[in-house]
Amino acid sequence: KRRPRSASSCGSRSAVAMAPRREAGLLLLLLVLPLASAGLSGYFGTKSRYEEVNPHLVSDPLSLGPGAGGSLPASCTPLQLRAVLRHGTRYPTAGQIRRLGELHARLLRRAAGAAACPAAVALADWPMWYEESLDGRLAPQGRRDMEQLARRMAARFPALFAARRRLALASSSKHRCLQSGAAFRRGLGPTLDFGGDEVEVEVNDSLMRFFDHCAKFVALVEENDAAMCQVNAFKEGPEMKKVLEKVASALCLPVEELNADLVQVAFLTCSYELAIKNVTSPWCSLFSEEDAKVLEYLNDLKQYWKRGYGYDINSRSSCVLFQDIFQHLDKAVKESKSSKPISSPLIVQVGHAETLQPLLALMGYFKDDEPLLANNYARHGQRKFRSGRIVPYAANLVFVLYHCDHVNASQEEYQVQLLLNEKLLSFHHSNETTSTYTDLKDYYKDILENCHFKEECELPKVNVTAVDEL
């Protein structure tokens with residue numbers, strides 16, 4: 001009987017017990033605050049600020065950064081740009097806000113006690129300003145993320161973003177994505193005349209939320225607790241136990257009153273305050289850098305098993321988007337060869353971390369030699385699969401197709417570059433940052449010809465368990 005790859009401890013539960021120690025003082029809390037987010041901000045996973053992958057933007061939000069010139073010869077002209085973006089900085093979801101409210105209420109009760117705990121008092125005094133109505137909506141910083149990204153993209157590819165070039169703008173149906181698309185368009189300013197009218201953002205969930213339309217993924221991964229076996233085992237493992245004990249001690253709470261989900265909510269509140277408000281939250285004081293690494297691994301485990309290499313269906317479900325990208329590139333090549341104007345020189349689509357992560361896995365990027373498991377945290381200190389480095393807020397994957405004159409062979413006439421978060425990515429087949437379009441299509445020939453979304457996503461007809469199928 002086939003089983004998913006699993007740690008030997010997967011599914012096991014260990015008891016956690018500890019006598020709380022009162023070691024967190026208010027003075028200490030205030031002293032460590034200025035340093036807290038600086039040491040933690042590299043470990044926030046998918047809740048990371050875009051500036052974590054491009055630090056030069058902190059001092060100059062419109063800087064193109066080092067090596068912005070690219071490496072293509074002057075005889076190459078960009079024909080088409082296809083960008084898949086993750087929405088900008090967002091508020092927590094309603095579920096996260098509820099859990100934070102539950103933890104905050106617990107601290108309020110603790111602070112009201114006779115033997116009040118200084119750290120609990122300090123956090124009880126923190127104003128709980130999140131409301132469930134914010135539910136994952138785009139924050140003002142998220143609009144700035146998109147506007148500034150648009151301006152940098154236009155500065156990097158001025159010929160493509162010139163006046164009277166057609167912009168096709170699409171988005172998932174989620175409010176944060178639609179608003180991100182509108183903010184991207186605003187960032188291009190009134191000087192760019194895209195046909196005179198305001199560009200409408202087309203809703204396209206079949207491409208931007210392909211995972212919702214893949215019955216096999218939904219049934220066997222998204223809604224299947226067994227598929228998250230590694231994540232659940234890590235929550236009960238020794239690394240998380242140590243973090244739980246430390247946080248319980250700092251808050252003078254019995255450790256039985258905390259669990260991995262509540263601790264993660266406290267950690268993510270630190271990340272939200274930094275990303276949304278650019279402030280160091282008092283919640284950050286509960287965690288050391290070592291704690292942050294453990295909590296980042298928990299986040300990455302979830303991404304790996306739900307959106308990355310854990311199960312083939314995670315990435316295979318994205319082939320509908322991958323194939324669509326190449327269909328438009330093909331069309332641009334065909335139009336160029338016929339000396340016709342390129343009908344879609346700019347295609348910008350706004351989705352989610354869950355849109356980009358499977359697509360990058362399908363293309364083979366950020367794959368470690370050893371899978372991420374509950375019991376190999378120590379061996380993954382230098383892993384490639386770090387979601388905060390791959391899909392922070394405003395993450396972007398950009399395909400740029402060029403036409404090149406004065407080439408030695410006809411297949412060199414059309415070339416491609418790939419940028420992730422505004423940095424050139426090397427292609428797997430050549431380890432170079434520029435590829436002929438012919439070579440790129442040849443490398444991904446199997447996916448382009450043999451990945452059929454409907455068949456891939458069909459639930460198996462026979463009555464097998466989810467674990468067997470995966």
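Indices start at 1 and increase along the chain as displayed.
Keep in mind that glycine also has a Cβ here, set from the backbone N, Cα and C atoms.
Copied over from TrEMBL:
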- 1-38: signal peptide (SIGNAL)
- CYS76-CYS404: disulfide bond (DISULFID)
- CYS270-CYS284: disulfide bond (DISULFID)
Near the Cβ of CYS270 (disulfide bond), how many other Cβ atoms are there if near means within 10 Å?
25
Counting all other Cβ atoms within 10 Å across every protein chain shown, which of the disulfide-bonded residues CYS76, CYS284, CYS404 scores highest?
CYS284
Measuring Cα to Cα, how far is CYS404 (disulfide bond) from CYS270 (disulfide bond) in Å?
48
I'm trying to understand the geometry here, so how far is the Cα atom of CYS76 (disulfide bond) from the Cα atom of CYS270 (disulfide bond), in Å to the nearest whole number?
45
